[in-house]
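Q: According to TrEMBL, the active site annotation covers Glu95. Residues or ranges marked as Zn(2+) binding site in TrEMBL: His94, His98, His104. Under the heading domain 'Peptidase M12A', TrEMBL lists 4-191.
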Amino acid sequence: LLLRGHSCDSMHQIIMLPYFILHFVEMNAKGVILKAFDQYRLKTCIDFSPWKGEENYISVFKGNGCYSSVGNRHVGKQELSIGSNCDSLGTVEHEFLHALGFWHEQSRADRDDYVDIIWNQIQSGKSDKLSSALGVPYDYGSVMHYSKTAFNIGSEPTIVTKIPHFMDVIGQRMGFSSSDLTKLNRLYNCSES
């Protein structure tokens with residue numbers, strides 16, 4: 001898959017991923033990261049363990065914002081930023097889903113059936129974040145979905161849902177949706193409970 005060098009306990013189907021949290025990550029953020037790990041552990045076959053020198057691992061640092069590459073595309077350290085104002089459970093889960101190989105929900109090939117992108121309301125240089133999945137229907141409630149005002153240049157929305165009821169649902173950062181968990185469990189061959 002997109003993660004290289006993870007260890008799997010085949011008897012219990014647990015995929016262990018090493019991580020290292022740099023000391024300058026804020027204390028509250030560290031607590032939220034550990035809570036997110038609990039959610040992964042409870043709801044999937046993914047677990048995180050402190051780095052003990054493994055070649056491939058996730059290095060969490062405090063950068064300028066919340067971001068991660070999608071999957072580990074090289075050997076070695078995979079950087080994941082939990083900067084200021086990134087310390088909500090859903091945001092941390094979102095960034096670790098990127099590290100595990102997940103793209104944004106509104107980047108799906110079928111997104112135009114569910115949302116309209118208002119291109120002239122998007123900040124210069126950010127339109128690539130909205131460019132045009134495991135057999136799971138489109139999910140407005142996905143923790144991987146951007147909000148209606150993502151990268152906007154004013155107060156107008158940049159993403160408009162085809163069903164108006166979902167305008168205030170997209171972009172939620174409360175935690176995983178059931179579809180997020182279904183996709184993650186399918187991608188990593190976790191037995192769904």
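Just so you know, glycine gets a Cβ as well, placed from its N, Cα and C.
Please situate the listed features within the shown structure.
A: Counting every protein chain shown, the number of other Cβ atoms lying within 10 Å of the Cβ of Glu95 (active site) is 23. Following the DSSP three-state reduction, the secondary structure of Glu95 (active site) is helix.
In sequence order, Tyr67, Ser68, Ser69, Val70, Leu80 are the residues near His98 (Zn(2+) binding site), counting only same-chain partners six or more apart with C-beta under 8 A.
Summed and averaged per residue, pLDDT over the domain 'Peptidase M12A' (4-191) gives 90.
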Q: Per 10 Å Cβ neighbour count, which of the binding-site residues His94, His104 ranks highest?
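A: It comes out as His94.
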Q: For the Zn(2+) site (His94, His98, His104), what does the 8 A shell look like? I mean other same-chain residues with CB within 8 A of the CB centroid.
A: Ser68, Val70, Glu95, Leu97, Phe102, Trp103, Val143, Met144
